[in-house]
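Presented below is the structure to which this report refers.
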Protein chains: 2
Amino acid sequence: MNFKLTLLAGAVALGTLGSAAIGDSHDEKALLAAVEARQAVMKLYAFNVGQLAAMAKGEVEYDADAATAAASNLAALSALDQSKLWPPGSDTEALGDKTAALPAIWQADSMAMKHGMDLANASAALAESAGDGLDAMRAAFGEAGKTCNACHKDYRQRRN
Amino acid sequence: MNFKLTLLAGAVALGTLGSAAIGDSHDEKALLAAVEARQAVMKLYAFNVGQLAAMAKGEVEYDADAATAAASNLAALSALDQSKLWPPGSDTEALGDKTAALPAIWQADSMAMKHGMDLANASAALAESAGDGLDAMRAAFGEAGKTCNACHKDYRQRRN
């Protein structure tokens, strides 16, 4: 997973480029394409999380195969190489309401890369145990959910 | 990959349910969520294809690692379990311009499942060879592109 290296490279590039390049329409188009692509990843996270949440809450009957399929999707999605999806300058201060990504993601002390790896690891564990009964799935699902919240808490802009 | 089984199940369910259930707002909401999720997959296909196309056309210098990353993403995405993304009744006749998916996808003689598997196989081959130089990448990329076109030609509504 190149997430870590990418964010480090992004932080360095941000120091060099600042937001000076954002005014260029070609650059902004590329930034927005990256934003849309990472939002597509988030949408697919949410869709698969939704399948598991419905079972965890008892709204839908637990199904080992369906739970494994959703968890395996989540594991595959969180293991994608997202190195092109988080270019420096694609934060909400630069792009406004096109994104909720806070500039802190690209700062030197950012924990975003760690949260991304935590999600990948927790999703892999969830995929392993999702078929082992509702209790096992629910426990692993809770652990994966913590990694979502950990990143959103600090790095996603709150909206009313 | 459960694509095949799902489409078969979908075709059977379509015969039973027809479009009678579509008027129900809860059902329509679920159908639209599936449409949005599969469009997110398509967006991520396109984003990664775009990275490879830029190298194949010479607009961006060939980079073995970047090509492998994009191709591996494409392989992972095309291997996702899409069984919840193509529910019967989520075609453009039922949902209008929310989707370009033609009803033929769910018909008994549909080749959509085969095209999906062809894409997964071609993407896996592309991921294997994308790092072996521009010519090797370009050749495998062309094969993967054929599988996109094969499905879109018959199963995606043309728009002006």
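Just so it is clear, glycine is given a Cβ too, placed from its N, Cα and C backbone atoms.
Bear in mind that TrEMBL entries carry predicted annotations, made automatically and left uncurated.
Taken verbatim from TrEMBL:
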BINDING   B:C148, B:C151, B:H152  heme c binding site
SIGNAL    B:1-20  signal peptide
Report task. May I ask which residues of the same chain, at least 6 positions away in sequence, place their Cβ under 8 angstroms from the Cβ of B:C148 (heme c binding site)? Result -> B:Y45, B:V49, B:L119
Query raised in the report: Tell me which residues of the chain lie with their Cβ under 8 angstroms from that of B:H152 (heme c binding site), as long as they are six or more apart in sequence?
Result: none
**Report entry** 8 Å Cβ shell about B:C148, B:C151, B:H152 centroid, heme c site members excluded
**Finding:** B:H115, B:L119, B:T147, B:N149, B:A150, B:K153, B:Y155, B:R156
Query raised in the report: What same-chain residues, at least 6 away in sequence, bring their CB to under 8 Å of the CB of B:C151 (heme c binding site)?
Result: B:M111, B:A112, B:H115, B:G116, B:L119
